[in-house]
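Enquirer: This is the structure, below, for whatever I ask next.
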Amino acid sequence: MWRMSYFWHEPYWLPRNVTWPEVPAKFVDLLVPIYLAIPLVIIRILWESTIGVTYLYFRTNAYASRKNITLLGCMWEHMTGGFASVSRAKKILECFWRFSYYTFAFLYGLYVMKNSSWLYDVKQCWIGYPFHPVPDTIWWYYMIETGFYYSLLIGSTFDVRRSDFWQLMVHHVITIFLLSSSWTINFVRVGTLILLSHDVSDVFLEGGKLVRYDAHNKNMTNFMFVLFFSSWVATRLIYYPFIVIRSAVTEAAALIQPDYILWDYQLSPPYAPRLIVFALILLFFLHIFWTFIILRIAYRTSTGGQAKDVRSDSDSDYDEEEMARRERTRLLKKKKNKVSPSTDDDDDEGEEEKNDRKARHRRAPRKE
C-alpha cells in the first residue's frame, strides 16, 4: 500500500499544487481498452469473414486456384480457423481489416475534433492544463484507439509474420504507453493530435496494399503509393516532429509550469512528462527507420515497375506471380529429371538396333 501511494505521489506526475481529484481524466478508465481488446478481435474476425471475404472473392484472385469453392464456403472457412492460417487470402484480409479500422478511426477523429481549438493551435494543448474537460466523444475515441492497439498485440499471435515484426511490436507497446500515460495525466489533447495525424497515412498505406492485390485496379498501385508517401512525409516527418514534438519540448513547460526544466539533469519532478517526451522521440525514430524502407521502394518504383508493399507481410513475402513462377519451374525440372534417363535409354537402344541391322546386312550372302 505504501509503495502504491509512493508511485502515485502527485508531484511525480502532475504540475505543482495539483492533486489527482482535480484531473478530469481518471486512471481507472484505462481498464476499458483492455476489456475492449477481445471484442475488437471478435469484430475483426466477423468483419473479415463477411465483408472482407466478399471483397476478396469478387475483386482479387485469392481464391482463383479453388474453382469449386463458393462465397459462403470461403466465409465459413475463414471464420472457423482460416483467420489463423498463412495464405494469400489471409494477408489480404489483414490489410482489409486495418484499412477499414484506420478509415473509421480517422473519420471519427475528424468528427469529434472538428470544432476543437487545439486542432488548429497546438498551444491549446497546454493552456489551462491539466483541467481540460474530456467530452464523451473524445473519451470513446481514446478508449477505442487504445483498445485497438491491445487487439493488435493479441492478433500478432495468429497474424502472418512480417519482416518488421519486432519493430511493429515496439511501435504498439510505445503507442499503448503513450496513450495510457497521456490519459493518466490528462495530456489527452496532444494525444488526439498524434492519433489523428498517424491514422491518415495508415489509411493510404493499407489502401495501397489492397489496390495492389486488386485484380481490377493494378494501374492504381503507383498512384496510391504517391498518396501514401505524400501523407507519410506530411504527417510523420513534418507535422509530428516539427509541430507536436517541438511544441511539447519548447512550449508546454512555459505554459504549464514556467520554472520547470524539461532537460534538467537532476530530474526535478514531475517525471511523467519527461517519459512521455522520450516516448514521442522514440516513436519518431521508428518513423525514420520506416522512411528508409519507403525510400527504397520509391527508388525501385522510379526505375520501373509497380510499387511493392511498403512493409513486407512476411520474411518470404514474394509476389504471388513470382511464387507461382518458381513453383512451375521447380515442377518442370523435377519432371524433366524423371523423364530424361528413360529417354536416354531409348536413344541408346535405338542406336544399338541400327548397328545390329547394319551388321546383319553386311553378313548376309549376296544373291547372284
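Cβ atoms here come from the backbone N, Cα and C positions, even for glycine.
Feature table excerpt (Swiss-Prot):
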type     : residues : note
TRANSMEM : 27-47    : transmembrane segment
DOMAIN   : 90-303   : domain 'TLC'
TRANSMEM : 92-112   : transmembrane segment
TRANSMEM : 138-158  : transmembrane segment
TRANSMEM : 165-185  : transmembrane segment
TRANSMEM : 191-211  : transmembrane segment
TRANSMEM : 225-245  : transmembrane segment
TRANSMEM : 275-295  : transmembrane segment
REGION   : 306-368  : region 'Disordered'
COMPBIAS : 343-353  : compositional bias 'Acidic residues'
COMPBIAS : 357-368  : compositional bias 'Basic residues'
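Each of these features: where is it, how hidden is it, and who are its neighbours?
Expert: Within the chain carrying the transmembrane segment (92-112), a Cβ under 8 angstroms from the stretch's Cβ atoms is held by residues 44, 47-48, 51-53, 55-56, 60, 62, 78, 83, 135, 137-138, 141, 144-145, 148, 159-160, 192, 195-196, 199-200, 202-203, 206-207, 209-210, 213, 313, all 6 or more beyond its ends.
Counting only same-chain residues 6+ beyond the ends of the transmembrane segment (138-158), those with a CB under 8 A from a CB of the stretch are 29-30, 32-38, 40-41, 44, 83-84, 101, 105, 108-109, 112-113, 165, 168-169, 172-173, 175-176, 179-180, 183, 188, 191-192, 195.
Long-range contacts of the transmembrane segment (165-185) within its own chain (CB-CB distance under 8 A, at least 6 residues past either end) are made by residues 13-14, 23, 25, 27, 29-30, 33, 130, 142, 145-146, 149-150, 152-153, 156, 191, 194-195, 270, 272-273, 275-276, 279-280, 282-283, 286, 289-290.
Within the chain carrying the transmembrane segment (191-211), a Cβ under 8 angstroms from the stretch's Cβ atoms is held by residues 92, 95-96, 98-99, 102-103, 105-106, 109-110, 113, 116, 118-119, 122, 125, 138, 141-142, 145, 178-179, 182-183, 217, 220-221, 224-225, 227-228, 231-232, 235-236, 239-240, 244, 280, 307, 309-311, all 6 or more beyond its ends.
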Enquirer: As a test of reading the model: what is the averaged pLDDT for the domain 'TLC' (90-303)?
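Expert: Here the predicted model's pLDDT, averaged over the domain 'TLC' (90-303), is 91.
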